[in-house]
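First up is the structure itself, then whatever we jot down about it.
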Amino acid sequence: MSVVGLDVGSQSCYIAVARAGGIETIANEFSDRCTPSVISFGSKNRTIGVAAKSQQITHANNTVSNFKRFHGRAFNDPFIQKEKENLSYDLVPMKNGGVGIKVMYMDEEHLFSVEQITAMLLTKLKETAENNLKKPVTDCVISVPSFFTDAERRSVLDAAQIVGLNCLRLMNDMTAVALNYGIYKQDLPSLDEKPRIVVFVDMGHSAFQVSACAFNKGKLKVLGTAFDPFLGGKNFDAKLVEYFCAEFKTKYKLDAKSKIRALLRLYQECEKLKKLMSSNSTDLPLNIECFMNDKDVSGKMNRAQFEELCADLLQKIEVPLYLLMEQTQLKVEDVSAVEIVGGTTRIPAVKEKIAKFFGKDVSTTLNADEAVARGCALQCAILSPAFKVREFSVTDAVPFPISLVWSHDSEDAEGVHEVFSRNHAAPFSKVLTFLRSGPFELEAFYSDPQGVPYPEAKIGRFIVQNVSAQKDGEKSRVKVKVRVNTHGIFTISTASMVEKIPAEENEVSSLEADMDCQNQRPPENPDAEKNIQQDNNEAGTQPQVQTDGHQTSQSPPSPELTSEENKIPDADKANEKKVDQPPEAKKPKIKVVNVELPIEANLVWQLGKDLLNMYIETEGKMIMQDKLEKERNDAKNAVEEYVYEFRDKLCGPYEKFICEQDHQKFLRLLTETENWLYEEGEDQAKQAYVDKLEELMKIGTPIKVRFQEAEERPKIFEELGQRLQHYAKIAADFRNNDEKYNHIDESEMKKVEKSVNEMMEWMNNVMSAQAKKSLDQDPVVCAQEIRAKIKELNNNCEPVVTQPKPKIESPKLERTPNGPSTDKKEEDLDGKNNFSAEPPHQNGECYPNEKSSINMDLD
């Protein structure tokens, strides 16, 4: 069972796997642990990762990157419209209103959704993991930014489903970093001590995230998170690009923004310059050859200029930090350490801002690039039954407050309740109880739309169906379970209606017996029941009060939304009355049944089953096309490689092993094949290359075999000669009555001599025949036949010459009855017996011996 953590970033991805030795970040086919989040579409296939990034400038219109933030968003989203201006590829609306990416693939125009594009990237990551682990990969944990909303998270899960990955958990970036930090710490305070507070700061390519976490031994709790989704490394790159665009326009009269390829080259060079300035404070040059109109451009920048240029971006760093401290009610003195991750935190000015805010040096003990992926792999190992991991509980936080709104049965007013507050623990479930006589609707939304980096505050509409009044006309009690699951997604998981029905006669006796058992319960059970109800109340069993559709804590309890906890004392009093009062006339028995109710969910963003299945089928076809194209290219490369190899060797080691006529003929064929490859054979089917290779091998293979035989044959003949000399010498020693072999029967030794003579004759004949052959002719005997002869000789001779001499048994020595060793043993034995039987003599001492103590007791 595979355990894989995937850090899918806007610019690059990392894969971490769990092995017996621990967590390891694995490399791709280019021996690079960083896989770019880039996909390029061609006329025959698609390329993903490092190969796609190399085509980003030459195939700009069909190379897709920076698409992570498009998940779960509509095409008319203001963020999408703003980002569209800076992209080299086209964004168009889909039929469902989502974002579509238009590219040319297989010489046809295709429209892919963001889920499909992400699925393509996940396909590459899955393939890399499988090649490394040598087994199929299914289960994984995928990272997402902590500010991703329900719609965005559902979209990522759909992408994982398209590629056949079972995402065990969508893990927030900062939570993954915290897990990677805490699980290895041996000096964390115990559970009954004050937790250690650590702040994690992550500035990646496109976003800035911070979180405060409390650590105890084996426990991690996220206290709060804050973020700026629009502040990252690409913003610093954009500042440099703007600066040099203006400079080149003034200096060279070139408008870099007018040509997308020139702009992309400038972005790449500015990113390199930014990284160099992190380690150098001197002036650094920027040079681009043939930038535009065959003109070379150059410029320079130093760290001080860069910091001045990005002053407004650096000021934004403090805002999320202030928000975090305000939300968590922490003081700077409470923070034990500040850990930074993410590539952009390597900028000295960014480090300085963070350190200045907290008044302490930042810590860089975690790998800035791989920390998220490693944390995801650890979480996957914790969830997987295949690995035994140190117990470590992870409690995440809800980033945005979530509320429910519903309509009353008899009134037009609406009821509203905040079921999950900001930074509420997650995953978490709550049970709400409603009084209803018919189906009703619940709508979930984000309570603070201004704080959500998403234009739509609505999460979804949930209709609880099949609700009906009780037979006596009373409203039914409907229990609704709401949950923020492990993925950070809000859902109404279950709904049940409490239905009262008359009990049948055969059930009455069992009901009475149950009531008797309940009345005879020990006093501990009511407390336990009370504790359960308290837990439910802590989990938000109900909003406490309702006033004109709004909930306050000072008003009386809502008649519509009731708490089971509030009803417990009344039920106890009723039971007490029944016990204390004299028996009354029998009333009809009532049976309480919980009926599960269907829930219809209308979510803001969710791919339909038909559309999802279509995407799965499309991805499967593209994977197959990529595989076929790879096999075709491999076959073509094999022909090309064969041509180059033989053309070189025909003028070298193979020259003597082919006659002059065939030599010239084969050289012409190789040249014709090479020309065919670059002309007519440039784009042929796989079978055409296979046939071409077979045609070449018909001539080339015998030449290669003759060369190999000529290299191996003398060595094997030498080995055969050594074996023959060895057995011939043994036979001669036997004839000379050597003591080593005088135990061997003469008839058997004659067999050895016969085998040696026959093999010697065969070898001489073969070597004589081979000497008459030229090197360009097929050999008389091949190396494999000679090896078989050596094996035959060994099988015939070795069992005879290695016969062991028969053992001569020496006469057995008679055992003397009164030997010294025997007397000694008998004395020892008698001594032992005497020690056990006799009582101690010196001052009543007793040796620690069981038998002696028993004897003393008897005395």
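Each residue, glycine too, has its Cβ placed from N, Cα and C.
What Swiss-Prot records for 533-555, 850-859 is compositional bias 'Polar residues'. The compositional bias 'Basic and acidic residues' feature in Swiss-Prot is assigned to 564-585, 806-815, 822-831. Look at Swiss-Prot and you will find Ser2 tagged as N-acetylserine, backed by similarity to another entry. The annotation N6-acetyllysine is assigned in Swiss-Prot to Lys471 on the grounds of similarity to another entry. Annotation comment: Swiss-Prot describes Ser509, Ser510, Ser558, Ser810 as phosphoserine. The phosphothreonine annotation in Swiss-Prot covers Thr562, Thr816 and rests on similarity to another entry. Swiss-Prot lists 515-585, 797-859 with the feature region 'Disordered'.
The Cβ of Lys471 (N6-acetyllysine) lies under 8 Å from the Cβ of Lys500, Ile501, each of these being in the same chain and 6 or more residues away along the sequence.
Counting only residues at least six positions away in the same chain, the Cβ atoms of Val17, Ala129, Leu133, Lys135, Pro136, Val137, Thr138, Asp139, Cys140 sit under 8 Å from the Cβ of Ser2 (N-acetylserine). DSSP gives the residue listed as 'N6-acetyllysine' a coil state; it is part of no helix or strand.
Secondary structure at the residue listed as 'N-acetylserine', taken from DSSP and collapsed to helix, strand or coil, is coil.
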